[in-house]
Amino acid sequence: MSILNASITEISFYLVGFPEMESAHIWISIPICLLYTIAILGNCTILFFIKSEPSLHEPMYYFLSMLALSDLGLSISSLPTMLKVFLFNSPEISPNVCFAQEFFIHEFSAMESSVLLIMSFDRFIAICNPLRYSSILTSARVLQIGLAFALKNVLLVLPFPVSLKHLTYCKKNLLSHSYCLHQDVMKLACSDNKFNVIYGLFVALSGILDITFIFLSYALILRAVLGIASQGERFKVLSTCVSHICAVLIFYVPVISLAVIYRIANLSSPISKILMADIFLLVPPVMNPIIYCMKSQQIRNIILEKLCQKKGLQRCLIS
C-alpha cells in the first residue's frame, strides 16, 4: 500500500510547540507546569470546600463546582501532550489518542460555555426575582440542569472523533498545536471532510448562542439594577456579578481572539496562533479559582478560617 493510501493505523500525527524555539522548550515547560499545578490545585480546592462546607450548599456554589470540574477536565485533557512536547520533546501521537484528546478538550470547553450560561441565568433570577430564587433553583433542579447540559455537550461533540476516524490521512501529519483540536486534525485529511467543516460550524454557532444568551441575561440584569433608586444598592447588586463577568471574559476573549487570528492567517505569525490557543487552555482554569476566592467573601472567609485553624493547631503542637 502506498503512502497516499495509508490507513489510520499506519500513520502518526506530530504535535508542535513553538516553531524555531525547540531549544527553549525545556524552559517554557517550567511556567506551563506551574500553571497546570495552580489550575489543578485551585479547582480541587474549590471542589473540596464546596463539598465539605454546608454553608456553601447553595445553587450559586453548585454551579461554581460545575465550572471547577470543567476547568479541571480541560487541564487534565491537555496536560499529557503539553508535557510530552515541551518537557520530554516527544511530539508523536497516535490518531486514536489524538481523537480521544480532541473529544475531551472540546467537550469540557463546551461544558464551560454552558456552565457560564447557566450561571448568568442564576444571577438573573437572584437579582430580578429574588423571592422565588430558592423555589426555582432547588438542589434537585440544579443537578438536573447540570446533567442535562453535560449530556447535551457529549452528544454535540461526539460526532467529532467519530467523523475524524472515518477520514483518510495521507502525507500531511503535522498539527499546529501541542494538543489535538478538531479543526486542526480535519485539515490533515486527504478525503472529503465537508461534513466536518459544516458540523464544526454548527458547534461554533451553538457557542455563539451561549454568549448571546449571556449578553441578554446581563442586559435584563442591568435594566433591573437601573430601576433601583439607591446608587449604593445598585453597586452592591452589581458586585455579585463581578466574578461571573470576569470568568466570561477570561473564557471568551481568547476564543474570539483565536478565531480572529485564524481569519487573518496571512497577517498573523504562527507563534501568535499557538500562544493564543495555549492561553485559551491554560488561563481560564488558572484564573477562575483565584477570581472566585478573591471576590466571594464566603469562600474567602472559609479558606482563611481553615488556614488560621491549621496555624493554631501547629502552634499547639510546637508548644
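Please read every residue number as a count from 1 along the shown chain.
Cβ atoms here come from the backbone N, Cα and C positions, even for glycine.
Annotation comment: TrEMBL describes 42-292 as domain 'G-protein coupled receptors family 1 profile'. According to TrEMBL, the transmembrane segment annotation covers 24-49, 61-83, 103-121, 142-162, 197-225, 237-262, 274-294.
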For the transmembrane segment (61-83), distant same-chain residues with Cβ under 8 A (at least six beyond the ends): 15, 29, 32-33, 36, 39-40, 43-44, 46-47, 50-51, 93, 101, 104-105, 107-109, 111-112, 115-116, 118-119, 122, 139, 142-143, 146, 178-180, 247, 281-282, 284-285, 288-289, 292, 298-299
Best-contacting stretch, by C-beta pairs under 8 Å, relative to the transmembrane segment (237-262) and drawn from 24-49, 103-121, 142-162, 197-225, 274-294: 274-294
Outside the transmembrane segment (142-162), six or more residues from its ends: residues with CB under 8 Å to it: 59, 62-63, 66, 99-100, 102-103, 106-107, 110-111, 114-115, 118, 182, 196, 199-200, 203, 206
Top partner of the transmembrane segment (24-49) among 103-121, 197-225, 274-294 - counted as Cβ pairs under 8 Å: 274-294
